[in-house]
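*Asks:* I have a structure I would like to understand better, so I am pasting it below and will then ask my questions one at a time.
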Amino acid sequence: MTTILKHLPAGQRIGIAFSGGLDTSAALLWMRQKGAVPYAYTANLGQPDEDDYDAIPRRAMEYGAENARLIDCRKQLVAEGIAAIQCGAFHNTTGGLTYFNTTPLGRAVTGTMLVAAMKEDGVNIWGDGSTYKGNDIERFYRYGLLTNAELQIYKPWLDTDFIDELGGRHEMSEFMIACGFDYKMSVEKAYSTDSNMLGATHEAKDLEFLNSSVKIVNPIMGVKFWDESVKIPAEVVTVRFEQGHPVALNGKTFSDDVEMMLEANRIGGRHGLGMSDQIENRIIEAKSRGIYEAPGMALLHIAYERLLTGIHNEDTIEQYHSHGRQLGKLLYQGRWFDSQALMLRDGLQRWVASQITGEVTLELRRGNDYSILNTVSDNLTYKPERLTMEKGDSVFSPDDRIGQLTMRNLDITDTREKLFGYAKAGLLTASSATGLPQVENLENKAK
């Protein structure tokens, strides 16, 4: 069986991930006119720039959908977002600012839940709006086939017939109008935006050029913190975790994770927290650039890692960061449910997240400027009395430290011998000042 269909399978049911935008609207109408039987599936991911989800399936029916369904994906999306925080599943960072993999998380949820809904309706051909140059085409491909082994893929944007007829937004708009739909193109922005409840991605067009900065972006989840005319008063915030799960913000307990994430977004968004500018490596190894928003994820991540550093030992923290980066890359590649990812997730959630209980107090200011004011947890292994510089009972004595330092003589001796060995091999030069070999000065070497 051919998995990827290059041309429209007339007479067959085709499920399309329908956003209600121009691209998917024109594609749905075109498929119906060409003899296919389109079914529309819309994911409610809590997109901050969408205010009427119920209207989207209605529009799909108007454009010729045999059936149209709205799938509420918010609960699952937030669950996966919290899991990513618990595991530190983030591998793209620049200057200490993190991309929280919000688009990959959204694709993991959309790609599985929409295909599961299609399967219920007996629809085994799936199309979406991803292009062949991006990451999403592979993410959706993997998640779709994981969910339905009989799935076939048809994408209008890979069909030369569709491209020849409706290859641009102007052509698609004219097509909709000619078919009796008063569809007006939205005002063109200097970049494109994709969002869900966890975060927003701004990329392409002007943002492909590195001399275009965050200042051309109009945030949809936060504020223009770089604009001095925007007043952003400082705000003290408390975040509480229980066994790795965020349960309270500013003393208010949430039984609904969706409501908790919405409130975290509101709090962080008031300050522009969690915005970052990243150059990243796409799945196909080419570099791309994006500007990201994730105010709620950033707020929870800061509090979680503060508790983490106070509760776990150094080696556990090192493994958390190392395994988290590995897991973040797998998530980015569309492998969130692969066995190697599940193995990493299980270990991080079981042995790291389970102990993260406590409350962190922060002061948020502008953008990613914040201070940690207090950290409280019954699980803290940070105990100031162990290393206090003041007089008092100590857990170890000066004689204990002398013994510990004396034991270091063994590896210091080994290291000294290694340095002289490197010098004999010509890798290091002798220093007249210290008597120890040293790396040759590059400036002197150039002379």
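From the backbone N, Cα and C atoms, a Cβ is placed for every residue, glycine too.
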*Asks:* Which one, Glu259, Glu263, Glu280, Glu285, is listed by Swiss-Prot in the same L-citrulline site as Tyr99, Asn135, Arg139, Ser192, Thr201, Glu203?
*Replies:* Glu280
*Asks:* The ATP site in Swiss-Prot includes Ala17, Phe18, Ser19, Gly20, Gly21, Leu22, Asp23, Thr24, Ser25, Ala43, Gly129, Thr131, Asp136. Which of Asp164, Asp182, Asp194, Asp206 is also listed there?
*Replies:* Asp194
*Asks:* Could you give the maximum C-alpha to C-alpha distance in Å for the residues Ala17, Phe18, Ser19, Gly20, Gly21, Leu22, Asp23, Thr24, Ser25, Ala43, Gly129, Thr131, Asp136, Asp194 that bind ATP per the record?
*Replies:* 19
*Asks:* State the Cα to Cα distance, in Å, between Ser25 (ATP binding site) and Glu203 (L-citrulline binding site), rounded to an integer.
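*Replies:* Rounded to the nearest whole number, the Cα-Cα distance is 22 Å.
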*Asks:* For Gly21 (ATP binding site), just give me the three-state DSSP call.
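*Replies:* Reduced to three states, the DSSP call for Gly21 (ATP binding site) is coil.
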*Asks:* For Ala17 (ATP binding site), find which of the binding-site residues Tyr99, Asn135, Thr201 come within 10 Å, Cα to Cα.
*Replies:* none
*Asks:* Given the binding-site residues Tyr99, Thr131, Asn135, Glu280, state which is nearest to Gly21 (ATP binding site) when distance is taken between Cα atoms.
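*Replies:* Result for Gly21 (ATP binding site): the nearest of the binding-site residues is Thr131.
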*Asks:* Considering each pair of residues in Tyr99, Asn135, Arg139, Ser192, Thr201, Glu203, Glu280, all listed as binding L-citrulline, report the largest CA to CA distance in Å, no decimals.
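*Replies:* So the binding residues stretch over 19 Å, Cα to Cα.
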